[in-house]
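As recorded in Swiss-Prot, the features of this protein are as follows:
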type     : residues                                                                                     : note
BINDING  : Phe61, Gln67, Arg116, Arg150, Gln151, Ala152, Arg153, Asp231, Lys233, Ser236, Thr237, Phe295 : ADP-D-glycero-beta-D-manno-heptose binding site
COMPBIAS : 509-522                                                                                      : compositional bias 'Polar residues'
COMPBIAS : 775-784                                                                                      : compositional bias 'Acidic residues'
DOMAIN   : 1003-1223                                                                                    : domain 'Alpha-type protein kinase'
REGION   : 508-540                                                                                      : region 'Disordered'
REGION   : 609-637                                                                                      : region 'Disordered'
REGION   : 692-739                                                                                      : region 'Disordered'
REGION   : 767-791                                                                                      : region 'Disordered'
REGION   : 811-843                                                                                      : region 'Disordered'
REGION   : 859-888                                                                                      : region 'Disordered'
Amino acid sequence: MNNQDAVASILHECKQVLDRLLLETPDVSTEDKSEDQRCRASLPSELRTLIQEAEEMKWPFVPEKWQYKQAMSPEDKTNLQDVIGAGLQQLLAALRASILVQDCAAASAIVFLMDRFLYGLDVSGKLLQVAKGLHKLKPATPIAPQVVIRQARVSVNSGKLLKAEYILSSLISNNGATGTWLYRNESDKVLVQSVCIQIRGQILQKLGMWYEAAELIWASVIGYLTLPQPDKKGISTSLGILADIFVSMSKTDYEKFKKSPKVNLALLKEFDHHLLSAAEACKLAAAFSAYTPLFVLRAVNIRGTCLLSYSCSADCPPGMKSVHLCEAKEAFEIGLLTKKDGELVSGKQELHSFIKAAFGLTTVHSRLHGETDAVRAARQLCSEAVGKLYTFSTSPTSQDREGLSQEIMSLISQVKGHLRVQSFPNLDVCSYVPESFKCGLDRLILHGHVDFQQILETYSQHHTSVCEVFESTCGNSKSNQRDTKSEVCITTLKTETNTADTMVATLERVSSQDSRSTASSKMSKKDQGKLQRERGRSWTRSKAFRVSLDLDMETETEPPNHSNGGTDVFNKSLRDNSSSCSWGRLSGLSSSTSWEEVNCAVQDVVRKGSGQEKHPVEAQSSEAVSEEPKRNRSSRAVFLSSKLRGVSLQTTGDDNLESSPSQLHNHTSILPFNAKDTCLASGAGLVETAEGSNNTSLQSSHSCGSDSWSLSSSDRFTDVTTNPSVQEEEPSGIMGDVPESKYDFKDWHGEKNGGTLTEICTGPELTFAPSSVDPEGETAESTDDGLSPSQVALGCLEGSHSMSTRRTFFPDGSVQNADSAKTGCSVRDQTVDPDASTVDEEGQMLDSTEVCSIGQDGAHRPRALRSGQSAEGPKSFVNGSRPSPIFDEDFSTTEEGEELGSMLKSSQNSSSYSPWWLKSPAFSRSSSDGESSWSLLNSSRSSFASLAGQTSQEILEARTLQPDDLEKLLAGVRHDWLLQRLENTGVLKSNQLQQAHSALLLKYSKKSELWTAQETVVYLGDYLKVKKKGKQRNAFWVHYLHQEETLGRYVGKEYKERKGLRHHFTDVERQMTAQHYVTEFNKRLYEQKIPTQIFYVPSTILLILEDRTIKGCISVEPYILGEFVKLSNNTKVVKNEYKATEYGLAYGHFSYEFSNHRDVVVDLQGWVTGNGKGLIYLTDPQIHSVDQKDVTTNFGKRGIFYFFNNQHASCNEICHRLSLTRPSLEQTSKV
């Protein structure tokens, strides 16, 4: 009966019965009563006893027989999971029968009893729905704390950290109070608090806050030991988590933790090295839970990993290396022996742990004996198993999952055969660990006594603040009395920023319109009004982005419902920032998630939204670009031309006029096809001409994350500068050739022109630089140098959005016309739109822009400064005064070469139309090493592929890791050494998805400034199906053996435009630096009793390997589910309507002061709570630093000037409370 589909089907049926009973309550039939009695009688006596005790609320967690006993009899050594598994079918039948007779107390007890077992089967979401249904039907039904905490665990696994934090903090603050549950004694409340503290520690571990996580796990151990009978299971779990944290913790943090006067763990005193302490902790953890195989497996896996890592470290004496490797070998073998060959494994967590043990053992054999045939065979088997595990996780049917589970365990058995795993003698046949592990059980775990309640008091500020942020009453209370103390219950789910109370939301999801009305009628008027306001605020988002309202299910985002046109969002004012974030609002796909959109058929939005009539320009433009018949294009283009004169497609004169999907998603570059100065208006999809030159209408379509230029509905050619589609593969070889694409189009007079794209691009007078300007791009880049010819060409070609006269405003107040392109490219202060990108310094998109001239040799030249103009930063403006903070700027983060293109976009203030032409022969020049601008733009600035004289063989040698390289990486290397070692590795092609790879996991510690590697296996899965398209990178699911959370979800990111390895490592180093700064910032907030904490999601690197040769590189971070918002970019734009922005700007100010005036963290984006307080999770920062000028998004001095004079023009309350010192204008100009 342990079939997931069958279990899920019965639970779904139970939920449907509860939904019907919620609408009407019929009399209980005699047949139903008889069935209920029959089902109860069919249960084994042990299960009947457990159900009775659960109804009586005898314990908050279903206990194991051995959990609280020191002396055990043979019957105490059984595993409760085996008992539940054997009677699962009868329990499910009893659950359904209890619901039919409306015995919610009995049904709730059965849910409680099955909870842990079904969590192992990966069907907790369905069971939690039943628990909520029971509570909705009869709010007085007691729901066990274990079930409420399960909700928190599932939330952590699925990425809903805000929700999990609320549930846990509420239980801790309210002494475990939840709904109508009654505790039998005070020690049960301590147990619940200890478990909650433990899970909070796991959340901080997930966020990479190693020291803080270790403190919480230590606190949970204190709680378990405070009980009248110590909880051996809880202690075992906490010791295992603590050991896992020690693996990632720096030596500095470990020494600090070890020497802390309040931390009194005995094992810390016995070992000097954190990895040896971790290994010993795992040995104890396995011994404490010797009768539960999964607990033993997890503990010995961590022990083996610790010993393996220590054997590779520089601290391990050479003579002890083989000793520790043998101890690691023993640990992994113990784990593999927790299941017999042919024994069924049902859950993802256990399967993952077995593969990890097999891989760990393979790695140990490799270190001890080298790359033998057995090692190579075992490694291949582990890789196959990881691939099957990913398929297992995503398989829709239980039959497939059961077959895959058997195949995975068969592969594990083969690994055991290749590596000759033998069973060990054991006196206790029920125990899964050898007798040698049990000798440490008698030793003291703690020195001295610590008061658990005092420990909780130190965290009370955090728990209270989280509860205040999400304060709500039970959604089912008929009186909804607001003066009663708020306690978490199974339906109190108001913890997401983009949904209303999910009690109502979940009910709406499963019921008809009538049922929704009925449920709504049960709410108070105040709650109904509140719900309406919430719906009103989120209406725009809900049309374009639909997320599962059942916040307990591990669901991905659903596709948008295009049946409503997809353009309802366009009817909102540009200034209406409460309904959705501005950069998502303009596109019609409101941003509710951080990951970049792939596989997005934007044309569907355009086609189905083209019927809108409220804004004729948008509707007409949409049709013209996407699906207008050829015969109508000429007249349509004339109409659009007249409509678009004087109108900026980025910022309109009418606040209520918003850009169409085609304008924002189908941005076509202005393509001069020949020397006749023809240019294409990107937003309108038409060509404005001069001197009677031919005109061409182009359209741009997006499919699977790649852009394609469409000349007609059937004639297309692909823009090869963007990432290829999922189905297509990058050109083979180290450097792929640029394919020659045929084009075929007709001008407006019906004359057909043909040729190759390469011929067009490399014409005698103009170089074709195909790239689209995406207002939702991520980050702008910067260099101190001027512009390369191709980059100037790219920027100039992208700029003509409104066909208006271009002028350049300089800090000294001078104005220069843009048609001076014969000698260079002048740029100006852009009138900005709400999608402000993070820009690069090269083109200087914003106020302090410089003219870049190009010499005859094709080299870029920075313009000469005018007299009186400072090179340090802008000091004066056109109107003679510093502008106020800009709120309407392009809001995404801009990359190198994009800033210039954005700068050259039309100004809203332009009053006349004047097309301009690029005639400089410099634009047709190739790069100095013979590359065309096309191929230069198709790679990174730092692409080693363009280095003259570098051969493929040299690149291949640089990518191959020698044994000495691997040894150093495993021991830990500094950032500069790593970058130097990877310097000549060239530009890697895109990673191959849908398969498993060998990999090196590299973690960076800002405190030690070391990168430490770990061998692993990773499966690169499907692209994320999300609604926010990123400019730079694609995001896809990954699952790797050494991820922090076995059941957690992780996302990999790779650049769409292939780049060198330096970019990936610099990105992670920057994010972990921001995390280091924010940790110190949080301490200052806590000291001042400010109820907010900011976290940066940790990021790591996975180097994809094939026989020790680097084949790819991705960055990886935990998946966070919730509403994704962007608070600022890396130049001047900031969204002050979010309360979180106040804290973010204060954090940026703090980072400047904490770094001794050298760094400012900017480009704030992530997940915030509804009121912007409590908890803020951020990702993908940029840092303006005076030290690292090799990063193109780092503006250095000018970036710091932007921050203090535009984004953070005056200090806020947080700055004052933290006593931050504000630099003067002169200081920021001379940083």
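Backbone N, Cα and C atoms are what each Cβ position is placed from, and that goes for glycine too.
Features as recorded by Swiss-Prot, highlighted on the structure.
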residue: Phe61; record: ADP-D-glycero-beta-D-manno-heptose binding site; DSSP class: coil
residue: Arg116; record: ADP-D-glycero-beta-D-manno-heptose binding site; DSSP class: helix
residue: Gln151; record: ADP-D-glycero-beta-D-manno-heptose binding site; DSSP class: helix
residue: Lys233; record: ADP-D-glycero-beta-D-manno-heptose binding site; DSSP class: helix
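Remark: Arg116 (ADP-D-glycero-beta-D-manno-heptose binding site) has Val62, Leu80, Gln81, Ile84, Gln146 as non-local neighbours, by Cβ distance under 8 Å and separation of at least 6 in sequence. Among the residues Phe61, Gln67, Arg116, Arg150, Gln151, Ala152, Arg153, Asp231, Lys233, Ser236, Thr237, Phe295 said to bind ADP-D-glycero-beta-D-manno-heptose, no two Cα atoms are farther apart than 23 Å.
For the domain 'Alpha-type protein kinase' (1003-1223), the model's pLDDT averages out at 90. Thr237 (ADP-D-glycero-beta-D-manno-heptose binding site) has a Cβ environment of 24 other Cβ atoms inside 10 Å.
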